[in-house]
Every structure is written in C-alpha cells, then in structure tokens.
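Per TrEMBL, the feature domain 'G-protein coupled receptors family 1 profile' maps to 47-293. The transmembrane segment feature in TrEMBL is assigned to 30-53, 65-88, 108-125, 145-167, 187-207, 240-261, 277-295.
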Amino acid sequence: MNECYYDKRMDFFYNRTKTDTADEWAGAQLIGVLCFGTFFCLFIFISNSLVIAAVVKNKRFHFPFYYLLANLAAADFFAGIAYVFLMFNTGPVSKTLTVNRWFLRQGLLDTSLTASLVNLLVIAVERHMSIMRMKIHSNLTKKRVTFLIISIWAIAIFMGAVPTLGWNCLCDISVCSSLAPIYSRSYLVFWSVLNLVVFFIMVVVYIRIYMYVQRKTNVLSSHTSGSISRRRTPVKLMKTVMTVLGAFVVCWTPGLVVLLLDGLNCTDCGIQNVKRWFLLLALLNSVMNPIIYSYKDDEMWATMKRMICCSSEDKSQERRSSRIPSTVLCRSTDTSGHYIEDGIIQGTICGKGDLGDKGNS
C-alpha cells in the first residue's frame with residue numbers, strides 16, 4: 001500500500017522534483033516581478049470594477065450579452081485576487097507552504113481560468129442564439145442569465161477543487177508533476193487537453209457565426225432600407241467577442257501547452273525556464289479585456305469615462321453641471337453605433353444621470 005504525505009510541507013515535494021524555487025524568484029528579479037504584478041493587479045481591480053459598474057449603471061447594457069460580459073469582468077477581477085495571493089506565496093515562500101495552502105494557491109488560479117473559459121463558452125451560445133436570428137440580443141430572461149452565471153461559478157469552483165478532492169499524487173509521489181509538485185501528471189494532461197479542446201471549439205463556432213453574419217448582412221443590405229447601423233451592429237458585437245476570445249487564447253495557450261508537456265513527463269523541454277513568463281502572460285489577459293471592451297464598444301467607453309470624471313468631482317458641487325461645456329462629448333456619436341434601439345440620445349455630460357433628473361433633484 002502506498003504511503004501518503006499529507007503532513008509534509010512543500011519543500012519535500014519541490015526537492016523531489018529538483019525545482020529550485022529560491023533562486024529563480026530571488027533578489028532584484030523577485031522585486032521586479034512583485035512590482036510588475038502589483039501594478040497590473042491594481043489595474044485589473046480598478047478597470048474590471050469599472051466594467052461591472054458600467055453594466056449596472058447604464059440601462060442600455062441591461063441585456064444578456066452584457067450581463068455575461070460583466071461576469072467575465074468579475075472572473076478577471078477574481079483572477080487578480082488569485083495573482084495577489086500567488087505573489088505572496090511564491091519564490092522562497094513556496095517551500096514553506098503546507099499542502100492545503102498550496103492547493104488553495106493553485107485552486108484560485110484554476111478557478112479563475114475555468115470561470116473565464118466557461119463564461120466565454122456561454123457567451124458563444126448566447127451569440128449563436130441571437131445572431132442566427134439576426135438579432136442583437138437573445139431572448140434569455142434575467143432568471144436564466146442568473147442561473148447561467150451561478151452555474152459558471154459552480155463549475156469553476158468545482159474544477160479548481162478537483163485536485164484537492166483527490167486527483168493528486170500525495171499517495172503516489174512517483175506520478176507527481178514537475179511544475180505542480182503535488183498534482184498528478186494525468187490530471188495536468190486532462191486539464192490542459194480539456195481547455196485546449198474548448199479553445200478550438202469556441203474559435204470554430206465564432207468563425208462560423210462571423211461568416212454567417214457577413215453573408216447574411218450582404219444579402220440583406222441589397223433588399224432592405226434599414227440604416228447602416230442596424231446592419232453593422234451584430235458584426236461589431238461579434239468583433240468585440242472575437243477579440244476577447246483571441247486575446248484569451250493567445251495569453252493562455254502557451255501555459256496550457258507547458259502544462260501538457262509536463263503532464264507527458266517531457267524532461268528535455270525546458271519547461272522550468274519558461275513557466276513564470278507564461279504565467280505573467282496569463283496575467284496580461286485580465287489586463288487586456290477591459291481595454292478591449294472600452295476600445296471596441298463606444299458606449300462602454302463613454303459610460304466608463306463619465307464614471308471616472310464624476311468620481312473626481314467634488315460631491316458638494318453636484319449642481320455645477322450646467323456650467324460644463326457642451327463640447328464634452330461621448331465617443332458613441334458614430335453613425336455605425338452598436339445598438340438597434342433608435343431615438344435614444346446618448347448622454348453627453350459627465351454627471352450623475354440625465355440632466356433632466358438633476359434638474360428635478
């Protein structure tokens with residue numbers, strides 16, 4: 001019967017895999033990584049909070065697609081928490097961790113990745129439901145969207161806890177991996193292959209939907225008198241989603257390939273030399289998403305800009321909006337806007353709510 005090592009500290013497992021955690025994250029290099037990570041984690045917290053707040057504040061975002069987009073921002077926010085926990089439990093500290101604390105460190109990272117991945121998959125389904133009907137938004141009710149969001153996090157938490165629940169090598173250290181010293185190599189193969197397959201499926205689905213939209217739009221353009229905005233809206237939303245998906249795949253694929261090679265016990269692949277850089281690349285994904293939202297969606301950018309401006313105003317001067325120049329315009333005045341709803345005029349003043357509301361307060 002195999003002996004189990006639940007009471008050992010992580011130095012026992014790191015020494016078995018000959019991973020020198022003290023040297024690779026020491027001195028100036030460790031300080032640089034911590035400063036780099038701290039800056040980007042702060043950006044992740046602030047920017048993704050703005051995205052979530054924008055969806056809550058702007059009623060034009062109260063649709064299934066944007067609720068799921070806000071949940072993706074929440075997953076990125078959670079990823080920032082996971083990276084902060086990792087920063088303070090890495091390098092020389094890694095060897096001093098207990099098994100349970102190390103499981104928590106990795107479980108947070110796995111949960112954040114799964115939450116983002118499943119959320120993108122659900123968005124793909126939502127886009128398929130709406131685009132195939134040439135609608136901007138699907139007919140999902142708020143209750144169903146809420147159920148989907150709860151399901152996303154339930155799946156993410158479960159997948160993050162799988163190694164803790166038993167799929168590890170604590171009772172059979174001969175199958176321990178190198179990068180994750182208490183993860184079974186079979187689990188790493190399962191985990192990386194599953195994620196890579198989902199990546200491939202989503203890319204194929206989005207390419208198929210995009211080609212369908214382009215073909216359908218070209219056909220309808222010669223038979224309808226609708227505005228250019230109406231015909232371009234589905235395409236622009238698809239471009240936003242595909243950009244987010246592309247960034248996700250680019251940032252996470254190298255790390256997953258490294259995990260797959262480790263799971264296959266590739267001892268000559270030099271995975272120890274690149275693992276930390278691929279981890280930082282994965283961190284950049286949570287930084288890029290809010291930038292993509294604001295750059296690709298004019299209304300999102302306008303809402304976020306108003307919130308940033310308003311947060312810097314003195315609350316005691318709330319009524320000074322009448323003196324703000326009317327030249328402070330939102331970016332969403334392009335005739336090729338994102339929305340079908342006509343007759344709704346964009347707010348052009350940086351203030352809390354509409355001018356009419358302020359005048360009545």
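Using N, Cα and C of the backbone, Cβ positions are placed for all residues, glycine too.
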Quickly jot the same-chain residues contacting the transmembrane segment (187-207) by Cβ under 8 Å, restricted to those at least six beyond its ends, or write none.
110, 113, 117, 120-121, 124, 127-128, 162-163, 167-168, 177, 179-180, 238, 241-242, 245, 249, 252-253, 256-257, 259-260, 262-264
Mean pLDDT, the domain 'G-protein coupled receptors family 1 profile' (47-293)?
83
Residues of the parent chain within Cβ reach of the transmembrane segment (277-295), under 8 Å, 6 or more residues beyond its termini
33, 36-37, 40-41, 43-44, 47-48, 50-51, 69, 72-73, 76-77, 79-80, 83, 113, 116, 240, 243-244, 247-248, 251-252, 254-255, 258, 301, 304
Under a criterion of three or more Cβ pairs within a distance under 8 Å and sequence separation of at least 6, are the transmembrane segment (240-261) and the transmembrane segment (108-125) in contact?
yes
For the transmembrane segment (108-125), could you work out the same-chain residues 6 or more beyond its ends whose Cβ comes under 8 Å from its Cβ atoms?
65, 68-69, 71-72, 74-76, 78-79, 81-83, 85-86, 148, 152-153, 155-157, 159-161, 163, 191, 195, 198, 201-202, 205-206, 209, 241, 244-245, 248, 252, 282, 285
